[in-house]
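Noted in TrEMBL for the protein shown:
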- 72-471: domain 'Ammonium transporter AmtB-like' (DOMAIN)
- 1-27: signal peptide (SIGNAL)
- 66-87: transmembrane segment (TRANSMEM)
- 108-127: transmembrane segment (TRANSMEM)
- 162-182: transmembrane segment (TRANSMEM)
- 189-210: transmembrane segment (TRANSMEM)
- 222-243: transmembrane segment (TRANSMEM)
- 264-281: transmembrane segment (TRANSMEM)
- 301-322: transmembrane segment (TRANSMEM)
- 352-373: transmembrane segment (TRANSMEM)
- 425-444: transmembrane segment (TRANSMEM)
Amino acid sequence: MKRWIALSPLLLLLAMFVVSVPSTSWAQDSEEETVTAEVEVEEAEVEEAEEEVPMTVDGLKADLDFTINTLIMMLCAVLVLFMQAGFAMVEVGLNSQKNTVNILFKNLMDLCIGVMLFWLFGFNLMYPGDDYAGKWFGTFTPFVALQETPDYDYGFSASADFLFQVAFAATAATIVSGAVAGRMKFTAYLVYSAILTGLIYPISGMWKWGGGALAEMGFQDFAGSVVVHAVGGFAGLAGAMALGPRLGRFASDGSSKPIPGHNLAFAALGVFILWVGWYGFNPGSQLTYSGAVNAQATTYIALTTTLAAAAGSLTSMIIAWAMFGKPDLTMALNGALAGLVGITANCDRVSQIESVIIGAVAGLLVVLAIVALEKFKIDDPVGAFPVHGVCGVWGGLATGIFGDIPSDDYPDMTQVGFFIVQLKSTAIICVWAFVTMAIVFYALKATGNLRVTEEEEVQGLDINEHGMHAYTTT
């Protein structure tokens, strides 16, 4: 008995070990079974997804087309977003160095504000589907409705589409920055930017690209000469008129006293960036790129875009040279942008010769418009209205003069009728942008919230609005 008592601790340990071994084994078996079950569920989900798009030849083609269209659209969105850097450099270079921080800050904020408001409701306001109010206004639906799974009928990802479209909205907003440079309060610019990107641009954009009233009339604007650039240009004109000219821009007798920019190298760099970015803007608006026909169309759009830009710059140089006695770099730079703006509405439908003509006329118009603004004592430091407003209108009208009539959708339309549609639609959008933004700017002016004081303007907006300098002083 004593011996059993002495061995009892050992027997107890042995019993505990025997019990614990199968318990541990069962736990491991249970974990393995759980993992196996999870793998089986995942495999079942994959098989179910594959069943949705059968891996036939047509299924593989749809998958490949969707992938190509989405990724190229994403690349084009990046190019258009990078145009913000181009606009910033042009504006910085053509203005005083004491306002550099303010200019860069404005260009950053109109992008950030534009992204948030376009995501919240601007995108759905511009593309309302069937939710219209007489084909003139969409509905406020919060947030962007993105597909959880690829919609092959749509042709590309809704996420890529949103990024591409929000880049256009930011472009319309940043155009105004150049027209109001050097004297607008930073807070006023934030208010303006929010209203334009959240309301004004999406509403007028819906009239054409969202299937609204102007689209039903037959209005054509392929990539936004009117919808984007004229909107920004006429909003900029309203801002420049409400603000008045910069101090010292015009003498007491009314004569013009140019205020030179502090860095033409920045301005030239900005134009080169914008030119490159335009290959996302115009060719990207093809929207579907997969296949030989789409690839040919996309590259042809790039060709007409390039020809118009070159023709615009050369024409501006020649006209300015003849008028002022010397070739003017700033005029040539604006001429390139003018050609790009003018061809944006019709780059898909005009011949190569016609694209050169459109660019050349834009190059002429931008020089004449810059001179005309001076005659009317309107101060536009970078020529935003001549480039984007005037040449945006020209792009809309040129679409009704050159290229093909959209006869497939409007079989009874004549060339004269098409031009009238372009004229009426362009006028409607420009009046909408100018009047709505004039109300905003003059309301800010009436409440004393639009323009900085004379002392702040003389010292510069960098130090007074932001408390910092762009350049170190030694």
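A Cβ is built for glycine as well, from the same backbone N, Cα and C atoms used for every other residue.
These figures come from a predicted structure and were not determined experimentally.
Counting same-chain residues at least six beyond the ends of the transmembrane segment (352-373), those with a Cβ under 8 angstroms from any Cβ of the stretch are 303-305, 307-316, 319-320, 323, 331, 334-335, 337-339, 341-343, 346, 379-380, 383, 385-387, 389-391, 394-395, 398, 402-403. Most Cβ pairs under 8 A with the transmembrane segment (108-127) among the ranges 189-210, 301-322, 425-444 are made by 189-210. Cβ atoms under 8 Å from those of the transmembrane segment (222-243) belong to residues 168, 171-176, 178-180, 183-184, 192, 196, 200-201, 204-205, 208-209, 281-282, 284-285, 341-349, 378-380, 384-385, 387-396, 399, 425-426, 429-430, 432-434, 437-438, 441-442, 444-445, 450-451 of the same chain, restricted to positions at least 6 beyond its ends.
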